[in-house]
Structure formats: structure tokens, C-alpha cells
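Asks: A single structure is presented below for examination.
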């Protein structure tokens, strides 16, 4: 009999596997058998998100224990999920959870998103207008600070005026805005 | 509306074998996760909420058919049999999660199968666009357009700091998951994949076999996607993925050139043996079929194997999966029966291909 894998060398090893309750026999040569991993477990979720989250928050140091229990008991008023439940499932129950767990979330997101805690991409057009202005103001201010650092005060003054104008625009345009 | 057309046709738009770098990048997929305000997420909502969400989303999308220049079919997942759900998963038209759903969930499929909008999966809305070849920006434009249509009519759950609010914190922010499916036989044969996977992981991207987490790369097909959704704009996410994909394509081409240069006879022998197995075997496991398909595909790409169409290979890749096999057989099949039936279908398909050079006839309609 020749090896099932390479179809060239003679069989040296027989492996019996139980797949979905059915017995399967595989025959390999000594070369291919080395690459075969009989102990590969067919686990659904090798290391799931909720396990990771629980571990990060689950270091039971005496001092932190009480605080941790208090934190985990915080619950969302809309779906009634607790922070503990969020950690356990690795999922939010509703959009309001983001507000209910607001204090804890930056830590969670830092770990999941490479240290990032703030969205910078697309926004629905209803949010888009004010958000765009806010971001614009932020970037003008950054430019202003750089201008000051390199002592380019004329440029900095211009940028300051620009930021002010944008702020006014934001206030007049954003009056009836409904945040969240 | 009938779903039979989606089930019986083993060819689907993303398998067309077209698009840029189609010999290496098989398909590009964009997925957007969105939720509505005023309703809890599917994990915790009531059936009544589910119904309202479903109606709101499907009516907006069905009204937008003209604008999207496409017709959509609405499929209630409750009414689809287990086997048919599996077929839809194997075609990548719905997620395994939606297929396992017991109470709620539906999907709107565009007639060309390039767009699928899942309702009440993990999030209220999951927009998915699949394009053949490497087409990140084209697929994104389409998903973005559908998103724009929905956001005009529906109140989205969005937060200034956290962006689009999703059920899973790994999707928060853009809600965007972009991925490419790549055939990388030469990098695998030359043992370079482990190193590449490690390097890519450091860049905030994930590589895995096509059949999900943990699975070995069946048929040397890998899926690469972004991991980070918060703190990076859609444009940046796509540009980064595009540039890494292009580098991998370059490496794969180099590895292919090196293989054919150093051991041309060994390589040709291996690829033709695989063609022989597919054409004449009487028992074919999924693993062996996957490996041989990969070899034959490489043979075609390198110009070593002629007279076999890539379209036939794509079709074989689709119907070698358990759901499709049983759909064609018309009866449930045990493990060994599947291997027999799989081998028979491959023989028929490849010999039909050898004898008649005509693509019209479909032998596998049940």
C-alpha cells in the first residue's frame, strides 16, 4: 500500500480517527506521518473573545476585587445586561450598553483595536455635518500648535482665527442637534 | 420569492475568475455591520422587535432596487431547510451564524449574488459585497452605496466617539471587515506561509484558511482580513490591505518562478499526478480533492496543464463541499458515500471538459 498523502512512498503508519462518530483510517509513510497532527482537536472556538476579555478583567488581586465586583455589577438600563454579562459573552446587548459601560470601554477597545479608542471613519450624514466640523477644528488646532512650536506666530494667528470661525459655525449649525 | 435559483447554480459571481490578479486573488469581500436605534441587538431583543427591524430594513432595500440597478430576493431563514442553508453558507451568501439561527433572521440576495444583506444576524444589518479578483475599492463603493440608501431612511445606532455601534466590540467603529481569498500554493510548498502569517498579524490583519478560524488552509486557499475597526478610516483600512495583498501576490509569483526554475520535472510530475487523481479516482476526500484542485489550478496558471478550464475547477471547488454534494445526490450521504459521489462528479465534470469543449450543458441539476 502506498502513502495516502504523497502517493509515492510505502505506508508505515496507520492513524484511526473518529470524525463525527464515524471511524476513518489513514495510511501514511514515515515522512508524511511527521506532518500529520493526530492531536488536533476540533474545537469550535480555540480561545474566544469572551475568555480573553474575562482574563483581562479577571485578575483577582485582593485590592481590586471589591472594585471589580462593583464594576461588573453595573447594568444597562435598556437591555438589563450587566458588565459581567458583557465580559462573559463578549457582546453588547444593545446600543445603549455603550453609554452604560462608557467608563470601562476605552480599556476594552484599547486591547481589541491596537490602542485606538476613537472612531475616525464614515458617519451617517445626519451626524456627518457637525462631526466634520469638529474634526476640522481639531486638525486646525493641531496645525496651530505646530506653528507655535516652530515660532511661526503669523501663521498661528491665522489658524486661530480659522478655528474660531469654524467653532461659530458649529454652534449656530449644531443647536438642535441630538447627541446620541 | 423562490430561492431555488440560488441553490441550484454552483457558479456564483465571485467565482467568475475575472478581475485583477484573478489567478491568485479569487475574490474580495466587504462586510459592513450596522444597527438601528430604538431596538435592542438580536442577542437580547424580542420577536416583536425582530419583526419590526426586519420589515423596516427589507422594505427600504426593496424600494431601492431601481437605484441599485439590481433585483433582490427576500429569503426568510425559518423557511429554508437545514441542507439548503448549508448550501447558502458554502456559496458564502449567508454566514454560518445566520444558518444556525432558529427563530429570526432573513437575507436579501441580489440576483447576481454579489450583494447579500443579512437581517438580524448578530447585528440588525450586515451588508456584504463579494467581487471576483482583487477589487477592494469597487466592492467598498457598492457596500457604501447600499449603506447610504439605508441610512437615509433608517436611524442608525452611531456614537461620535465609538462610531457605528455593533453587538461585538471587535466590529465597533467602522463596522467594516474587508477580506481577500487568495490561492497561495507556491508560498505554502516552500514553507513560507508561517513567516508571512506572523508578519501580517503584526500589521493588525488576520490570515486563516477559508473555512474559518483554526482550520488548516484547505486547498492552499487563505483569507486575509483587517482586524482593527476602530481608529482607522475605511480608506486607510482598504489601502493597507491592498498594499499587503499586492506584496503577497508578488511573493507568490516569485515562489512560483523559483519552483518551476529549480525542479521543473518534480513540479510537473506532482501537478499531473493530481490531475490524474481528480480525473480517475473512485474515492475522494475533501482534503485530497482540495489539494489536487490546488495543484491543477497552479498547473493551469503556470501553463503546464492545458485543456482544463479554471471555471470547471471553480465549480468543482464549490460542489465538493458536503452541502452541495448532498443537494446533487438528492439524499443524505454518509462519509464514505460522499467520497464516492465526489469522485464520480469530478470524473464526469473533468471528462466532459476533455471531450466536449462546450460550456453550455449543466450535468448536475437534480
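Any Cβ shown, glycine's included, is placed from N, Cα and C.
So TrEMBL lists the following for this protein:
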type	residues	note
DOMAIN	B:24-255	domain 'Phosphagen kinase C-terminal'
BINDING	B:27-31, B:92, B:126, B:177-181, B:208-213	ATP binding site
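Can you tell me where each of these features sits in the structure?
Replies: Taken as a whole, the domain 'Phosphagen kinase C-terminal' (B:24-255) shows an average pLDDT of 92 in this prediction.
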Asks: Tell me which of the binding-site residues B:126, B:208 sits in the most Cβ-dense spot, judged by other Cβ atoms within 10 Å.
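Replies: That would be B:126, with the most Cβ atoms nearby.
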Asks: 10 Å Cβ neighbour count around residue B:27 (ATP binding site)?
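Replies: Summing over all protein chains shown, residue B:27 (ATP binding site) has 26 other Cβ atoms within 10 Å.
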